[in-house]
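Visitor: Below you will find the structure I want to go over with you.
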Amino acid sequence: MNKYVLRRLGLAAVTILVILLILFLMLELMPGSPFNDEKITKAQRAVLDAKYGLDQPVLSRFILYIKAMLSGDFGVSYVIQKNMPISTMLEARLPVTIQVGIQAILLGTLIGLILGIVAALKHNSFVDSLTTFISVIGVSFPSYVFALALSYYFASKLGWFPILYASSQPFVSTILPTIALSMFTLATVARFARSEMIEVLGSDYMLLSESKGVKRPRLILVHALRNTLIPIITVLAPLVVALMTGSLVIEQIFSIPGIGSLLVMAIQVNDYNVIIAVAFIYSILFIALTLIVDVLYGVIDPRIRLAKGDKHG
Amino acid sequence: MGNKTPTFDRSDFELADNSERVQIDHNYISQSYWKDAFIRFKSNKGAVVGLIMILIISLFAIVGPMMSDHTYKSVNIRHKSLAPRIEGFENSFIFNGVANRINSYEQKGLDDVYYIFGTDTLGRDLWTRTWMGTRISLYIATIAVAIDMLIGMIYGLVSGYYGHSIDNAMQRFIEILSGIPNLVIVTLLIVILKPGLVTITIALMITGWIGMSRVARAQMLKLKEQEFVLASKTLGAGNFAIIFKDILPNIFGQIIIMSMFSIPTAIFTEAFLAFIGLGIPQPMASLGSLISEGFKSMTIYPYMIAAPVVVLALLMLSFNLLADGLRDALDPKMKEM
């Protein structure tokens, strides 16, 4: 077990290093400079380069860079808010993105599980068809289609919810974005929960528990649900990726001041410190989450850690 | 002792009625795997509907732009922001040229002008632009399959076949690559290169094949220890022949399923990039960039966003339905993934 966790940790560390290298190299290769002002003379330019450390050799810049990134110092923004430390910008924006993300994953998983389980229990009923329909739609339509539809109908037409994010009402104004963002999670979880539950319900140990006289609610909630949940943990990692991608678009549509909209803004104005910082934060979030999911799965299901951990060492 | 052995004659017995226990053997014509799969596919309504919708959309993507007198980039300021109108539908509730209770055709005195999907804020024909955008999405779909086949499949097959240190190195590479979020790879790539079709293609080439390579490797590991491979080896077949002639045909079903599932993801990636303004540059249009443009004036002219959203949604839905149907047809044992 420890070997498995250690191996996963090592891999995560290597991945972070590779990401840092890629981010660094990409910056090196990127055309343009943060000082695109034609009024700046050569001498002024040299002073600026020296001030921001842009005149040093590549390797020493890379090592300095790793040190700075890992200590949370992402430098200052060049364009968006001149000389504003990026960590300050992120501090204000990260909680909003994480709040919407967590709301979406909770909503999606909860509703998805309920739909999937009810569909499996009432196999071939109306609820079952509805669940299949929702899961196909949810996987097929990009999250911004839901976002546009929701904001057009519920915010613009009916006026039930604010159209744009307002920091004065951080919950009410994130209801629509949360729903839009959670659709993919909801659809995938519902689909998985349904097929897993159907399989679990048909298994011998369920028949045994039933014949031993276990009451129906306990049978479903304790015996079946637990075994249904295990495989669902594996799909959580890809779902988090989908959430990240979705958050970029959703934040644009509802003008949420999160890190997704910051990334888009930074790309458009070529503010490369900000791009790097946000890309790094996204990568760290992603790696940490996949690490947690993998270790968690290894803890729950011993077959996984044996197969993965001991075969390749 | 007069113990007689009992004697039986015919009349002591009668024929039992065993008609309920007798079974007649059914003989089925043996069918090839592909014919079997085809029959299973045909009986799946969703998949057939998906396939037909894809064919219809492809047809429109080819013919649509030719049907209109306008090109995708011809700007006509006099015709700007016209609502959808089709000849003969003037008095119906849809396609009547009325948006926000205003018939802009009448206001501008354009009585004999018809735009099926309306025009955008620059007066470009949305019908042509939508189908041009669909062409981009279909191109992306083709590219996604090609990448899956060329990179993902071969990578997986080679990694699984050679095993040991080659497999180890190749799998560690994949683990690191998949540890980097796609979003980060794609956005950074687009920052370095210019936004456009080539960039999107490269982005897909970097990340789009990992799932396929895993499937191909898993199948290879399952098959390579089997007798027919050993037989082939004994007869002197080379590695290339074993991988591509002996093993590949046996796993082709799984390969097709997996490549079908990567199509919606690829189309989605393009639409997503276009939406955040990193897609095909103007005046070319993709469904994503049309949606992004329409979004800016959605509250005033909702029809501008309607056509591309509907086409994109239908396309994604059809590919998903088709992929689901193909999975059930080609691999009935496979669990939903």
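For all residues, glycine too, the Cβ spot is worked out from N, Cα and C.
Automated prediction, rather than curation, is the source of TrEMBL annotations.
Here the structure is a predicted model, which means the values were calculated and not measured.
Pulled these features from TrEMBL for this protein:
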{"type": "DOMAIN", "residues": "A:94-293", "note": "domain 'ABC transmembrane type-1'"}
{"type": "TRANSMEM", "residues": "A:6-27", "note": "transmembrane segment"}
{"type": "TRANSMEM", "residues": "A:100-121", "note": "transmembrane segment"}
{"type": "TRANSMEM", "residues": "A:133-155", "note": "transmembrane segment"}
{"type": "TRANSMEM", "residues": "A:175-193", "note": "transmembrane segment"}
{"type": "TRANSMEM", "residues": "A:228-254", "note": "transmembrane segment"}
{"type": "TRANSMEM", "residues": "A:274-300", "note": "transmembrane segment"}
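I would like each feature placed in context: is it buried or exposed, what are its neighbours, and how far apart are things?
Guide: Sequence-distant neighbours of the transmembrane segment (A:6-27) (same chain, 6+ residues past either end, Cβ-Cβ under 8 Å): 61-62, 65-66, 69, 272, 276, 279-280, 283-284, 287-288, 291, 294-295, 309, 313.
Residues 127-128, 130-132, 134, 174, 177-179, 181-198, 201, 220, 225, 228, 232, 236, 239-240, 243-244, 246-247, 250-251, 256, 258 of the same chain sit 6 or more residues outside the transmembrane segment (A:100-121) yet have a Cβ under 8 Å from a Cβ within it.
Panel annotation: around the transmembrane segment (A:133-155), residues 115, 161-163, 176-177, 179-181, 183-184, 186-188, 190-191, 194, 242, 246, 249-250, 253-254 of the same chain, lying at least six beyond its termini, place a Cβ under 8 Å from a Cβ of the stretch.
Note on the transmembrane segment (A:175-193): residues 100-101, 103-105, 107-109, 111-113, 115-117, 119-120, 131, 134-139, 141, 143-144, 146-147, 150-151, 154-155, 161, 165, 228, 231-232, 235, 239, 242-243, 246-247, 250-251, 253-254, 256 of its chain, located 6 or more positions outside it, place their CB under 8 angstroms from a CB of the stretch.
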Visitor: Could you pull out which residues elsewhere in the chain have a CB under 8 Å from any CB of the transmembrane segment (A:274-300), counting only those six or more residues past its ends?
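Guide: Sequence-distant neighbours of the transmembrane segment (A:274-300): 1, 4-5, 8-9, 12, 15-16, 19-20, 23, 27, 69, 74-75, 77-80, 86-87, 89-90, 94, 230, 233-234, 236-237, 240-241, 244, 259, 262-263, 265-267, 308-309.
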